[in-house]
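Visitor: Pasting a structure below so you can have a look.
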Amino acid sequence: MSALVEIRDLWIEGRSDEIWSPIINGASLSLKKGEVLGLIGESGAGKSTLGLAAMGFTRDGVRISKGSVMFDGIDLITASAAKKRELLGKRIAYVAQSAAASFNPAHKLIEQHTEGPVQHGVMSRSDSVEDGIELYRRLRLPNPEEIGFRYPHQVSGGQLQRAMTAMAMSCRPDLIIFDEPTTALDVTTQIEVLASIRDIVEQFDTAAIYITHDLAVVAQMADRIKVLLKGDEVEEADTRTMLSHPKEDYTKSLWAVRAFERPQKPAVHTNATPVVSVQNVSAAYGKIPVLHDVSFDIHEGRTVAVVGESGSGKSTTARCITGLLPPSAGVIEFDGKALPANYKSRNKDQLRQAQMIYQMADTALNPRTTIGDIIGRPVQFYMGLTGKQKRRRVEELLEEIEMPAAQYIDRLPSELSGGQKQRIGIARALAAEPKFIICDEVTSALDQLVAEGILKLLARLQDDLKLSYMFITHDLATVKAIADEVVVMKEGKVVEQGPKQEMFVPPHHPYTDLLLSSVPEMDPDWLTNLLNERGVDNIGDAAVDKMS
Amino acid sequence: MQSVFRIILQRLALGLLTLFVVSIVIFTAVNMLPGDFAQAILGQGATPDAVEAIRRDLGLDQPPITRYFQWLGSAVQGDLGNSFAQANFASFVGADSGVRTTVAQQIAPRFANTMFLAAVTACIAVPVSLVLGILAALFRNSVFDRATNVTTLTSISSPEFFLAYVLILFLAVLNPVLPSLSNIFEGMSFGERLEKTLLPALTLTLVVTAHMMRMTRAAIINLLASPYIEMARLKGMSPMRVIVKHALPNALAPIINVVALNLAYLITGVVVVEVVFVYPGIGQLFVDSVKIRDIPVVQACCLIFAAAYILLNLTADIMSILSNPRLRHPK
């Protein structure tokens, strides 16, 4: 059987500042009808570029310099724009990473769904509307008859992602490119979307290229896996072989990341005063209550991981502790003394003791100030150091985060990689010499290898400086790696808390159980087994709804 | 929908407040004008008694605050006062006919003419700018795009009277297709009016097109990097459809604002073009009134200009809000 997609020796270049630099160096791939290929690699590996190239599409400032892309006997590189438009949407479809950004905010979902079939002359509008409703039903969207008549902002992220899969299916294409379709979703939502995508791709015997950086996810979805590193192909094999016998060192290192885990620390002495004590805190945004009676303690040198889905109140708790959002009830104690509710009434020392590291290092660093100034600012503000002393302290801090001062002190944030930026975020927090640091999803925007480096750094700093961390995350692998204690939050309430060891051993609170069981595992049969075990109605949002 | 309604009410209240503040500014500014009407009308040889008599008759001897509230009070009731210039000062020589022209009577026909000119211009300029803007965005960086940009920028950079004379030269003198004088009077048919108005309207079109066209182009191009535009392209939609159906609805808010700003300009800022074409609009009346210190007319014109600006911007605000589906259809 001949291949549906055949990419041979493809070279792609991207332009920055008038210089063309390589993105993909001679990639080849072939895909049979109905087959699913997983493309994995870190960000910047060229996965999306390669995925789009399989559609004959390049983004602005990107060009194909050499090689061929054949789709069902049609050369997509030499094909005219009109010829390609005929194929796109009709025979080759695309599912983007962020459905919320990729649906046009100005039109209803069903309008966007029917656009392809109507414009390509596949179906009439009314047939396509009916078909859309049927697809929504198959993808297990709630209220399939009505959901299409809503605007994108009226539908949740997981539902949008499934609506986008339905839209990709609208013309029954031969090939769909899935570009990180579940990366932006919570674990419980992700599992539902994964199950839906897998089902529908099987039902219609559609070939797919599934792009992701999450190995466990790709293990569930793909027949074969191809690993990319900085535009170079590392290796390719069928999923089971790749998981059990990775050949290349890089692939092995990807597999090994999940092995990092700190030993559990001994239990805290019962009389010890916690560094931070959150006591019966409730809070509201305007009139909408978001936190209800939240209590937990964080002891010296310990890490408390606060877990939960988006909207569960994790970040709001952090805002209460820092005083950005004064709680409506309850107190925050620091070293046994109550802190003023509003940060404006806290003194400099109280402010200094609690620092924050943010999720998006990109936006948390001023792009126009040098690394030296970014770290130097809190050094001067809190510690009162100036001139040479200040510079020496900044250099020390840079050494602390394993970035040679001579090389980095005068750079701008844009000249650093994602992981390095996050290290600068850490150094900036350390500059205030705090006892307590809130880490808000600090690794979720990073690739696994880089994230592991950050976690190890945070663990070492904790040991050296006796720091206490509040670690906000939705990633349970991170919790396993770094936490001493875990607080599970749902809808603004603490549903379970305790030492990490206990948390990962049954019996759990049903919600904790759902969270834990929703984390994809490397086993390629994991999703199938889970679905068999629980049934499709007992996973994801449906299961969450049943609980409340 | 309720929230939208509340926003609109809030904006309306804010608009009224702005108008009130503007009325204070207008009154103060007009009172700070050097010289006064009595002096201006009676000339150099006026006796102090005569000047004083006219001042008393017109109420100019009252303190400014009293005058302001008298003016505002009657303006709110729709009475903009009596024109000084049209008042019959024959009474001072003992032959008062008793007839005085109100400001409203004087302004109404002029304002109608101005609105007519603005409407004709808008009917030409707005569609032309939108279409040019969309095409420029579609063929961005092409020869067409550059030519459109250069042409519209040249026309906006040239003085209005120059554009007017160039148009007169080509359309009235060398090829006499349109009349170069726009002397409109009552009782003209619509067709005649339109013909007389066309040349000034074309001049104004050249003046306002660049701004609106460039904003349309920029607002659309700004969105072209959005993921939903990429999605539309990946669905195989034609470039024209991508821009008109996917980019334009999301680019409306800034475009509407610029259109409103230019329409306001058409109502308030067209004195030069009116003078060149001898078009009897409100701009000329305004300038004449300032010249002879006819304070009630000046104040009324200012108030109308301010109200036009505020009303158009208010409309633009509300339309931008309505163009956002998040506000039209809350969760």
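Quick reminder: no glycine exception, Cβ is built from N, Cα and C everywhere.
Quick paste of what TrEMBL says about this protein:
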- B:111-316: domain 'ABC transmembrane type-1' (DOMAIN)
- B:12-33: transmembrane segment (TRANSMEM)
- B:115-139: transmembrane segment (TRANSMEM)
- B:160-178: transmembrane segment (TRANSMEM)
- B:198-229: transmembrane segment (TRANSMEM)
- B:250-277: transmembrane segment (TRANSMEM)
- B:297-322: transmembrane segment (TRANSMEM)
Visitor: Are there at least 3 C-beta pairs under 8 angstroms linking the transmembrane segment (B:297-322) and the transmembrane segment (B:115-139), leaving out pairs fewer than 6 apart in sequence?
Guide: no
Visitor: Hey, which bits of the same chain come close to the transmembrane segment (B:198-229), Cβ under 8 Å, at least six residues off its ends?
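Guide: Beyond its ends, the transmembrane segment (B:198-229) has Cβ neighbours at 117, 120-121, 124-126, 128-130, 132-134, 136-137, 140, 145, 148-149, 152-153, 155-156, 160, 163-164, 167-168, 171-172, 178-180, 182, 242-243, 246-248, 250-251, 254-255, 258-259, 261-262, 265-266, 270, 273-274, 276-277, 279.
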Visitor: With a Cβ cut-off under 8 Å, give me the same-chain residues at least six positions beyond the ends of the transmembrane segment (B:12-33) that come close to it.
Guide: 64, 67-68, 71-72, 75, 290, 293, 295, 298-299, 302-303, 306-307, 310-311, 314
Visitor: Could you pull out which residues elsewhere in the chain have a CB under 8 Å from any CB of the transmembrane segment (B:297-322), counting only those six or more residues past its ends?
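Guide: Residues packing against the transmembrane segment (B:297-322) from afar: 4, 7-8, 11-12, 15, 18-19, 22-23, 26-27, 30, 71, 75, 80-81, 83-85, 103-104, 106-107, 111, 252-253, 256-257, 259-261, 263-264, 267-268, 282, 285-286, 289-290, 328.
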